[in-house]
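Notes follow the structure.
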Amino acid sequence: MEDQPAAEDIRLGGAPTGQADRAHKTNSNMIRVFLSATITDMSSERKALLEKAFPEVLLFCRRLGLVFEVVDLHWGIRNDPFGDHKACEISLQEIQMCKRLSAGPNFVALLGNRYGHRALPRLIPEKQFELYLSKLSKTPEGVKQLQQWFRKDTNALPPTYVLQPITAHFPYYCDLRPESEQQHKRDVDSWRFTENQLLQLLRSAASEAEAAGEIPAELKRSFYTSVTEQELEQGLWIGDNPPNALLFLSEQKVKERPKRLAKFMEATANGLLDPEAQKLLTELKSKLSATSQNSLNIHCVELSRGSIDPKRKEHAQYLDILCQQFVSQMKARIEAAVSSSRTGRWRKLWGSTEEDEDKLPLVLEEAKQHSIMSAELCKGLHGREGILGKICLTMWESGQKRHSPLVVHGAAGMGKTALLCKVVQEVQQVLEARVVVVIRFLASHHPQRPDLDQVLHSACLQVSSACGLAPPTPMTASSLTELQQFFRNILEEASQQGCTLLIVFDALEQLAEQHHTHKLHWLPTSLPPKVHLLVSMDTCSEAFVNMRLKTDSLENFFEVERLSRDEGERIMESHLRASQRTLTPEQKDVALQNFTSTGCPLHLKLILSAVQNWTSFTPLTDQLLGANTEEVMSQLLQKLEHKHGKALVGRALGYIALAREGLLEAELHDILSLDDDVISEVYRYTHPPTPSLIRLPPLLWAQLKRDLKDHLEERWTNGVVTNAFNSRRFSEVVLGHYLTSERQGRCHKILGEYFLGRWSGKLKPVALPGLSLLLSDRKVPPQPLWFAPGLANIRKLQALPHHLLHAGLWEDLRQEVISSAEWLFCKSRVCGVSSVICDLDQCSQYMDCTETGLIRDALALIKPGLDFLDGHVGKSLFYGELLARLSTLSAVFPSLIGQLCSQINDWFLTCPEPVLIPKCSFLQQPGGALQHTLNTTSAGVLCVDASAALQILAAGAEDGRVAVWSLEDQQLLHVLLGHSAAVLVVKLEHGAPSCLSVSADGSLRRWSLKNGQQLLCIQEAVPLDSTPSSVHLHLSEELLFVYTRTQVKVWGLDGAELHFCSSQEDVSVVLGVLGESVVSLCDSSWIQISHPVDSIQSTKARLETSERRVTVLMSVTSPRRGKVLVVSEEGYLYQICGNNKHSATEFPLRPSLILVSEDEKILVTGCERTLSLFTIDGDSADRILELQHDDTILSACVSKDSRQLVSGAADQLIRVWSVTTGALLDFFCGSEASVTSLLFYRDFVVSASSTKSAIHLWNLKYDCRLKHPAHIPADSAHAALTRDGNQIFYVHHQSQREVMRWNSQAAGSLEERLAVSAEVSCLELAQHKRLLLCGLTSGTVLIYPLNLPQETLCIPPPESLSGVLCLAVSSQEKNVAVAYEDSVCLFEMATRDSFPTVEGPLKRFPTSLLHAPLSCMALLPDRRLLYGTSCGGVRLHGFSGSVSELEPHGSKVTCVTASNWGSHALVGSQDGVQRLWALNPPSLDHTMEHKGFFFHGVISAAFSESDQFVFTGSQDRTIKVWDVASGKLLFVQYVYSPVVRMVTFRNGFAALTQQGSVIREAFRCPDHVSPDYNPLRSIRGQYRLTSRDKNRDARRTSESDLQHFNPAQFKLSLMGSLRAEPSSACVLL
């Protein structure tokens, strides 16, 4: 089985391994039809089809994800506009193209009573032509005439006679100027006569030759065959595939004389019917009837006054039937073709939003296209043997060891791409199937530049498919940092498997500039054996400069130099031979002389494109070639302008150059038809066929396209072909030649209006010479956002933002794109959210619009979730997440964000499916201080260091990794692997691009920041298992110090020699290092200053307080002042100088944190919640500020100018203080972990936590309007919230002996601290009575009346002093149950004189010691208690003694919630199983099991007010909505954090997440939901529902019994009476 190729490999022609299979046909999503009809007699039918049939078929195709194009080269023209006899060739080529591209019907013919024009052949082989001349020897005038019109071209191989252009003898034939009208008519008539004469001569000669057996009958017939019949032959009878065509035969009856109906029938010169033509027409119709019966439609119509008059009933009916037949038969054939292609092979619908779980077919299709391109480019490479051999030799020599990438560089146009393709070909020929080739031409879609993440993801998928490795997960693909690491890892894995892998990236400078990709941080500099990375780049590019900086050696750099004349001559001969052409010696010399001046392969290619059209009789004046690439291109453009018109050439090429993804041919026709300059030029001397319908005649573009064939390419994207330039240089020349800034704006405007659909179905004015202002229909199609449900207008999505932006149509851009919720969803769904972000990035570059940036940032925050779902997010989830991030900003920014949120809310109100509607911003909103998040590894960050000069940040993690980031572009540069334990210290060396790290494994390592390689490793530098705070690293000019409290080690900077080592025997405490001197405390009272190199310089002195032993708490160095500051437990601050002088001042603090400012004038100490600042000028330390915090201070730093101080605490807040005034300037919320590391970097603060892997960069100069509201700390031990979510009560740490009261409104703030006497075990709220119940581990329950903040009630502990496990308040708040470790007690919650009291215990029952402890419970209105245990047991216990054992769970019960009326309860457990119980009597209604991607456990739940729905929060970070009656899952919402508490609020709920955010949402469920609705369509998970068969009773309407209760009725005057008559169960504290 191992030798069998994968199914995808077979289906896609070896694409995974990079083998080119040109026989494989690309799946097409196009219906391209050639319309064949004679010019004069079918004009009415053409117009009817254009106006009625084509739009309907276009609409039908769009709904199937297809592009519909019609090629009608005879529309809008009467004669050959150029007289070069190429029209027939162009028609036949277009038919071939239609047959090649179309997925369905490709040919339509309209045939009436005209046989069609019989044209002269343009080319006749030499032998045939001279044979014909010999047959005409008796008619010398005829021979002379033929020789006059046909000239021999010896440059053709074999030589050929070429028919001369009509204008060679009739110069006014194409001259349509009014002043030349008479000459033009004369030349037209003359040519018709001459053409007929020439045809008769050739027919006569051919007849004689055929009679003599010298030519076959087919050659003779070619002089009789009309262009129409040739088109029919090409469309129906030539080719391997059966025809897919429609034929319409019209028998046109005539009553008038033939002269009046000449346009409907062929006539001779004397006006009589042409019998020969009629005979040929009859034979043609007979053949069609015999061979194409299934495609044939026959009509009979009687002409009226020589024409088809649509106003006549019978004629209108004929045209309607014709259109109906066309539409119905086209639809049937298209539908059949689409059905066949979808069942036969993989096919991706163009613009479809349907879920496509497997991205591999798309990638392999892309790989196949690049492989085919590579094979084609190899053909034109000649020479280059020297550099080719060097590259292959280098690859061979480095194949078995680690090595660097190979870099091919050179000037633009030097043939780097072709050289890379040749290397690929050589490698494949040598290694055959043993090599996997991944090749990507990064400039192949210019001007669009590929994103780095797309390129890497595509390459990783191809490598994983070819080598049998695991592909990148959606989560990996969503993060560029993780994707870069995956790319490096997969290269290592492929090497370990023994795969020979060659990855080729051509033109690295063409990568999109997003993420600063040209700095090449992503490119690995060290490759494993058998893995080769070959890249090319322009020598003058930024990418090349950065590549040189990354590499120490030039061994792997290969410059592509200019070609010699001999090499150019060999290439020229090979190219001409392949084209069956040659040149005269003089012409060849001209071509080589021009090429030699540059030696550039691109220049040579352009020269060859020009000279291959030279005939042997081309005059010298036309043999002009430019001296360089630009000149050749400019000369080509001038020739095209002269032939086709400047407006048509300039605009057609300009539109292609401006299009980001190229242009479909139908789009280009439409856009040129909308351009009034083009239309005015085309109809400058003639009137349009129908003034009310003006379009560009298609033949004009077809002829221009033929002349541009060497510069245009077919660009396939998702089965659709667009026209684009094959050379970036040609595109640049076109832009410079035709598109000034003003013209670019006008062209962008036409493109933007086209994709807006502004002129669809509307009349557009145009001024034409000789006519008044015309209002004409340009027949451009509409441009809806959706063609059908789930099928988007992908061309509009790709093009519209770009063109509106550069056209200056910014208001349209704001309304149609930026603030359009439908647009944002559609493009995110179809093209990926990255493309929307890229669009908005471009908008921000030109538009000074804060709201655009905020919407962009909101999408960037959503992106990881969407990428994780592979973009398969539903509209409700997409809109919900946008609203949950932007709703708070809608009032501040009403014009765009407000409009966007309003659209979303309006959509929610009409959504036909169940939805949760956010009522506040509970997800991270855009803007604010947090600018960047750098995700390192999965371990916490213990140390960080940053360099403003290098713009680099290094971070050491708990897992032993060191991550190095560029702070300029926030890109991961290196992950340094080597340490086997936590990294304790990391330090950037400012004198060299390297860094040092010390680890708990005892090692000290130096790393290169250029390539990430280890430069130095010293073992046993520090004791094993040291902690970050105990290890210090110091660099002097010559020495390297590593010291702890008990030892110091010193090395030279090269690490070669150990100079000094002290241990615990001779040093008591190491205090610090000053310069190159070690300061230590000996014998608890002596200061010793030692020099590692010169021991003579060591000094020793006794401290001033020598009568006491000194116990060191903290020490810090002040290098500039040459001091070490030491804080002792005895209450002193010692300032010790390098000369052993010292001073001591009283210092009563016992800090856990100490540091000095950069100017060393301020000492900062942290002690518990207080941060103290001292001035340390001189020998004294004067306290200047005390900064109070809400939690323990863990980190701090002072700005460079000593004006600001930033502190981090255990409450996860970062506070910014003024050093001069002590004022709190700002605070940052969002760390989601205790802040253990802080440092300033320019205008940013860098923060990290030892418990989180993320590093945050906070901007101190952000827009204060975007400040994020604060929330309670993440991972709080216990929490409860009020119904409206406005107040939260929480305990941050389990050991904390106070309950915090937090106001979540506005910016969020801590309102109150409620002291408790023991550790808190649970919190519960009586919502209506406004009571906070707090259970303690001591067994006490404290009750805080929220409306009486000065009062506290207490339920004393039981006699057993058992701790409180959990609390439960009944839904009507009449009772509360307290679960202790050994029993459960029931208390009554009453009101005495408007003051709350608790009576009881009313009932009690013991909990068996044999059973597991209670984990959660719910108290029902009838005083029954439903509870679950940590082992999964579930019981319904009546305090009267009745006990019901309910079906147990397989794991700990984590949630028990009763409905508002006590009729139902939900019990959930850690394994994701939920059971919905009916409680009267107890019976299991439903078992709902949900399995998500990560975790499954149910944490919290709340019933809706009507008890119709139940909301649950789970460990998988989702909120789910279930129907109580049926148990069905109605909705799933991902909220990024587990929901730990939920309470019912109005028509939804309020909830609290583990991150500390408050969620408020409303739930809306329509009365009727579609049976096809799937709540898990956008969520990775599955659920199973098991229900019992039962008959449900009617449900009661929810009405609260507590409506009479008003907490505001509390009277403080009644406090005295309460004290006089205390409750038996509750004590007032």
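Cβ coordinates are placed from backbone N, Cα and C, and glycine is handled just like the others.
Some features that TrEMBL has for this protein:
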type	residues	note
DOMAIN	32-118	domain 'DUF4062'
DOMAIN	405-578	domain 'NACHT'
DOMAIN	630-706	domain 'NWD1/2-like winged helix-turn-helix'
REGION	1-22	region 'Disordered'
REPEAT	934-975	repeat 'WD'
REPEAT	976-1017	repeat 'WD'
REPEAT	1186-1227	repeat 'WD'
REPEAT	1446-1487	repeat 'WD'
REPEAT	1498-1532	repeat 'WD'
Arithmetic mean of per-residue pLDDT over the domain 'NACHT' (405-578): 89
Contact set, same chain, for the repeat 'WD' (1446-1487): CB under 8 Å, 6 or more residues outside the stretch: 1371, 1415-1422, 1424, 1426-1436, 1496-1503, 1505, 1507, 1510, 1512, 1514-1515, 1522, 1524, 1526-1527, 1544, 1585-1588, 1590, 1596, 1598
DSSP helix/strand/coil residue counts for the repeat 'WD' (1446-1487): 0 helix, 26 strand, 16 coil
Beyond the flanks of the repeat 'WD' (1498-1532) by 6 or more, those residues with Cβ under 8 Å of it: 876, 914-916, 1454-1455, 1457-1461, 1463-1464, 1466, 1468-1470, 1472, 1474, 1476, 1485-1488, 1490, 1492, 1538-1544, 1546-1549, 1551, 1559, 1561, 1563, 1565, 1569, 1575-1576, 1578-1579, 1581, 1583, 1585, 1587, 1592, 1595, 1597-1598
Composition by DSSP (helix, strand, coil) of residues within the repeat 'WD' (1498-1532): 0 helix, 22 strand, 13 coil
Per-state residue totals over the domain 'NWD1/2-like winged helix-turn-helix' (630-706) - DSSP helix, strand, coil: 54 helix, 5 strand, 18 coil
